[in-house]
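> TrEMBL lists these features:
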SIGNAL    1-22  signal peptide
TRANSMEM  110-133  transmembrane segment
TRANSMEM  145-167  transmembrane segment
TRANSMEM  173-197  transmembrane segment
TRANSMEM  227-249  transmembrane segment
TRANSMEM  335-352  transmembrane segment
TRANSMEM  359-386  transmembrane segment
TRANSMEM  398-419  transmembrane segment
TRANSMEM  453-471  transmembrane segment
TRANSMEM  483-506  transmembrane segment
Amino acid sequence: MEKWSLMTIAVLLALTVRWAVSLGSYSGAGKPPMYGDYEAQRHWQEITYNLPIKQWYFNTSDNNLLYWGLDYPPLTAYHSFVCAYIAKLINPDWVALHTSRGYESQPHKLFMRTTVFVADLLVYIPAVILYCFSLKETSAKKKASTCALCILLYPGLILIDHGHFQYPLSLGLALWAVLCLSHDWDLLGSLAFCLALNYKQMELYHSLPFFCYLLGKCFKKGLKGKGLVLLAKLAGTVLLSFAACWLPFGTDVEQIMQVLRRLFPIDRGLFEACMFSSPTHCPDKVANIWCSLSVLIKIKNVISPRTQLKLSFAVTFLSLLPACIKLTVQPSLRGFKFALVSCALSFFLFSFQVHEKSILLVSVPVCLVINEIPFMATWFLLVSTFSLLPLLLKDGLLLPYAVSAPAFLALCLASFSILEKTSAEDLQLKAFSLSLKGYVWCLKPFPRVVRSLFLLSVALMAALSVLAAAAPPPRRLPHLFPLAVAVVSCLHFLLFLLYFNVLVLWDSKNRGQKKIS
């Protein structure tokens, strides 16, 4: 009973923070003609309610794809339709075809913010609560509620969902999938992940760990017995899930191809919104390797779009390969969670057309291991929030950022005493350190060095945040601060990628794992 009381307090506090952030600005507020992601979500409600399904993804006189055309899978469209149906009942002007473009009012803002709250309450928050209660390491009564509070108060997700404006459904469904797999409910887990993937195609970031873990389980059970049966059931679950989601589009091959073209617009080139190609042009800055390299090498000018695609695919595949092979050969829940982080981070750093918000696809899996590696998880979550700074400044979310990020750090310091957990064993690097037999001397000052690097990193992020928010940039370098944020974050992420790959590859103990048989 006590643990549920503590969890209730944690959830109420998390909801209060979300409500406070939602009172502020949102993406594109009062900025015609395109506005921002808030208007994109509203426009999809307008389109899905007023047009037949066969026109949702096609360019027509009533559906200009250049104005926030649908570019997410069918479940996003169905969700938009449900929201539009409710909006129509409240005020038809909110989703009126053509005339509602750029609609802004306080009642409509309240409605849109409420839809995000409902998605949080129905999908994401329950998954977090149940996941934290299911953790083997959370033996103390306070541990589950503390872990849940830290996850629910992760500022990056709150600022994007309830500030910038985005729905947490795909991440919530992916979390439900992880929860199901942790209880050996493999078919339900597969169903939940298929739904997540059919809500947002960016869930491909997580697809390989799910595939490799479940395939590894099938191998362990034996492909001539139980493993073959499980494999057949999993394949059937995936096929039926996709068939149900795509049913309205499945009667016409051209419909399917048009949806796929909208989901994967490879003709746009490598960069979604991150090319530092001109000192007078200021697109969004993304903390991945291509945007950082483009500071020195104008990739867009020296490599053709097709070659960019091939290069991106090759580098991403090679960076994913070690973790995927290890997870397939030695499937474990612990390895699976670490592989979710490393694979998603590889996609973010090296893949095609990355948006700065995609870092959340890495951050949520990191939240899942905050109880195991609190120091490194906290550090990563702070850097991921910092990497969103240019977008948050553009949306007028400086104050929520300035409050929530330090508060999150203070919460993690108080909850996990992270500065005291920097030894090789605390960072889950003991197996790796044992492999460095001839270099044990360098491990003695390791905890002190790690703490110093962390404090230096936090000071650097704080300084850049202040400069980006308050100081005028040099006249010849008007985008210096967003560029610095992107490059500094990218360097951090490269080091985190190395760290999480080490955790996956040297995970030999599989502590607390149930035997797969």
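Any Cβ shown, glycine's included, is placed from N, Cα and C.
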> The transmembrane segment (335-352): which same-chain residues, six or more beyond its ends, come within Cβ distance under 8 Å?
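Residues packing against the transmembrane segment (335-352) from afar: 178, 181, 204-206, 208-209, 212-213, 266, 270, 288-290, 308-309, 312-313, 315-316, 319-320, 323-324, 326-327, 358-359, 361-362, 365-366, 368-369, 490, 493-494, 496-497, 500-501, 503-504, 507, 510.
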> Need a quick answer: max count of Cβ pairs under 8 Å to the transmembrane segment (110-133), which of 173-197, 359-386, 398-419, 453-471, 483-506 is it?
173-197
> Within the same chain, where does the transmembrane segment (453-471) have neighbours whose Cβ lies under 8 angstroms from its own Cβ atoms, ignoring anything closer than 6 residues to its ends? I mean 6 or more beyond.
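Residues 375, 379, 382-383, 386, 389-390, 393, 398, 401-402, 409, 419, 422, 481-482, 484-485, 488, 492 contact the transmembrane segment (453-471) from elsewhere in the chain.
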> Is the transmembrane segment (173-197) packed against any residues at least 6 beyond its ends, judged by a Cβ distance under 8 Å, and which are they?
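Distant Cβ neighbours of the transmembrane segment (173-197) are 73, 75, 123-124, 127-128, 130-131, 134, 203-204, 206-207, 210, 213-214, 217, 230, 233-234, 237-238, 241-242, 245, 333, 336-337, 340, 364, 368, 514.
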> Cβ under 8 Å to the transmembrane segment (483-506), counting only same-chain residues 6 or more beyond its ends: which ones?
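Distant Cβ neighbours of the transmembrane segment (483-506) are 274, 276, 285-289, 291-292, 295, 319, 322-323, 326-327, 335, 338-339, 341-342, 345-346, 348-349, 373, 376, 380, 383-384, 386-387, 389-390, 427-429, 431-432, 435, 457, 460-461, 464, 468, 477.
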> State the non-local partners of the transmembrane segment (398-419) in its own chain: residues 6+ outside its ends, Cβ under 8 Å from one of its Cβ atoms.
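That would be 17, 20-21, 24, 146, 149-150, 153-155, 158-159, 163, 370, 374-375, 378, 381-382, 385-386, 388-389, 392, 451, 454, 458, 465, 469.
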